[in-house]
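**Student:** Straight from TrEMBL, here's the annotation block:
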type: DOMAIN; residues: 1-175; note: domain 'L,D-TPase catalytic'
type: ACT_SITE; residues: His139; note: active site, proton donor/acceptor
type: ACT_SITE; residues: Cys151; note: active site, nucleophile
Amino acid sequence: MDIIVQSINGKWQASFGDRIWPCAIGKNGVVAAKEKVEGDGKTPIGSWDLAKILYRADRISLEQRKEIGKAIEIAPLCQRDGWCDEPEDPYYNQAVIVPYTSRYETLWKDQENTYDLIGLLSHNSDPVIPGRGSAIFLHVAKPDLLPTEGCVALELDNLLELLSLMKQQTKITIQG
């Protein structure tokens, strides 16, 4: 069974079986994965594996980590973790140590909690195509479920519940 991300009556939601959670997607809606462009603010349509879960150990408790780490590999974030979003860089759409020589996004955020818990989606990962979109994550939503730059975001408690229900073969399916 997959996690389905779709718009119902103009509201985005993630569902798994009979569980439904409100969610946020990219500020500019969704786009076919083959038409995704770096920085377009769109969420790519498709079915994506959840490759790994990253968490801030100072904000996600051991008890919470045990619940979400049953089927998916989990790893702690470090203050120097980043993600390369420069299409011309050989490490485009991959984890990097910051500061980094090319453009990157910092994963350790002190002023907000959006990256306290991150699910790495497999979009544009095998192979990585330069400019086809990077850092498409499942992560904690901003207050009031404000739109993202292309990720799928849920309130922390809902994200924890969703991740605890996942099996290794579960995919995140984003519908248009």
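Quick reminder: no glycine exception, Cβ is built from N, Cα and C everywhere.
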**Student:** Over the span of the domain 'L,D-TPase catalytic' (1-175), how high is the average pLDDT in this prediction?
**Tutor:** 98
**Student:** C-alpha of the residue listed as 'active site, proton donor/acceptor' to C-alpha of Cys151 (active site, nucleophile): distance in Å?
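**Tutor:** If we compare the Cα positions of the residue listed as 'active site, proton donor/acceptor' and Cys151 (active site, nucleophile), the gap is 7 Å.
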**Student:** Tell me the Cβ neighbour count for the residue listed as 'active site, nucleophile', meaning other Cβ atoms within 10 Å of its Cβ, over all protein chains shown.
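**Tutor:** The residue listed as 'active site, nucleophile': 23 neighbouring Cβ atoms within 10 Å.
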**Student:** Using DSSP and collapsing to three states, where does the residue listed as 'active site, nucleophile' fall: helix, strand or coil?
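**Tutor:** In three-state terms, the residue listed as 'active site, nucleophile' counts as coil.
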